[in-house]
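Input: a single structure, listed below in structure tokens.
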Amino acid sequence: MSGSETGLMAATRESMQFTMALHQQQQHSQAQPQQSQNRPLSFGGDDGTALYKQPMRSVSPPQQYQPNSAGENSVLNMNLPGGESGGMTGTGSEPVKKRRGRPRKYGPDSGEMSLGLNPGAPSFTVSQPSSGGDGGEKKRGRPPGSSSKRLKLQALGSTGIGFTPHVLTVLAGEDVSSKIMALTHNGPRAVCVLSANGAISNVTLRQSATSGGTVTYEGRFEILSLSGSFHLLENNGQRSRTGGLSVSLSSPDGNVLGGSVAGLLIAASPVQIVVGSFLPDGEKEPKQHVGQMGLSSPVLPRVAPTQVLMTPSSPQSRGTMSESSCGGGHGSPIHQSTGGPYNNTINMPWK
């Protein structure tokens, strides 16, 4: 066999091998079209056989999921391979389409498509209304704590309304006690004494240590303090007055005496008294008496400053003021009596 024939046979053999290789390649590409696109074709070898170069895959480490503090509004930022993502993105946008055809000659060796979220993509935030707001709806019923305030006031006792101050002037020779009690004749108002100033010439005090229970002093005494109250009570249609006065007096020599007033309290000079009247809780003042309280008071008869109480059980006596209300020694009470017109001041019948 000549050399030309040998070369022709070798060329024919190589062309047949190349044709068979191309035929096998076409069958393999039809079975796996997707893989053939991602595999670059290169011609190598001594006989010109087509070879397929396996692309290098760059395996990226899986990104850890980090929950967002926003709850349901959190957005997942993950890089998924192109073959596993299915063309979906985390933001709900349109799927990314793959390019068909032969890959670029000078493109990257990796055949994966990296799908990631745009870091600058806007995230949607849903604001939830606060649970504490009621939409401005007004609640019905009694506000909390109002009932407890009423219970606290009831524990302090009954309350009065319509407090009105009065300034009374008692002339010399008039009874201070009668002047104060005259305010209660105009209606169901209670009276309380706040202060007083002036001089007293005759006073009868209640002292249980003495034999008679009361003692009367004559002279000139300055009022240090005067307090007390008078309140009207109605029981079975009958009205009665309860209350009384307490006084503290100072003599010219500096001695102090005082106690509960059990008789007359005669003024030695004009006495100014500040009192207050009010309506007790649960009582109403008649309309015809509104505004008439304190405008006028009955004129009381004058009593001589030197008058001493006369009682059936004890004779009249005169003397100087005692240093002690209990008597005995150098200074003894000038007059003691077992009874008098003011001994029942705590509960007097209504006129």
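The backbone N, Cα and C atoms fix where each Cβ goes, and this holds for glycine too.
The region 'Disordered' annotation in Swiss-Prot covers 1-151 (among others).
The compositional bias 'Low complexity' annotation in Swiss-Prot covers 23-37.
Residues or ranges marked as compositional bias 'Polar residues' by Swiss-Prot: 60-77 (among others).
Among the features that Swiss-Prot reports, motif 'Bipartite nuclear localization signal' is placed at 97-105. The DSSP breakdown of the motif 'Bipartite nuclear localization signal' (97-105) into helical (H, G, I), extended (E, B) and coil residues amounts to 0 helix, 0 strand, 9 coil.
Annotation comment: Swiss-Prot describes 97-109 (among others) as DNA-binding region.
For the DNA-binding region (138-149), the mean pLDDT of the prediction comes to 69. According to Swiss-Prot, the DNA-binding region annotation covers 138-149 (among others).
Residues annotated as domain 'PPC' in Swiss-Prot, with sequence analysis given as evidence: 159-301.
Annotated compositional bias 'Polar residues' per Swiss-Prot: 310-325 (among others), in sequence order.
Under the heading region 'Disordered', Swiss-Prot lists 310-351 (among others).
The compositional bias 'Polar residues' annotation in Swiss-Prot covers 334-351 (among others).
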Within the domain 'PPC' (159-301), residues counted as helix, strand or coil by DSSP: 14 helix, 83 strand, 46 coil
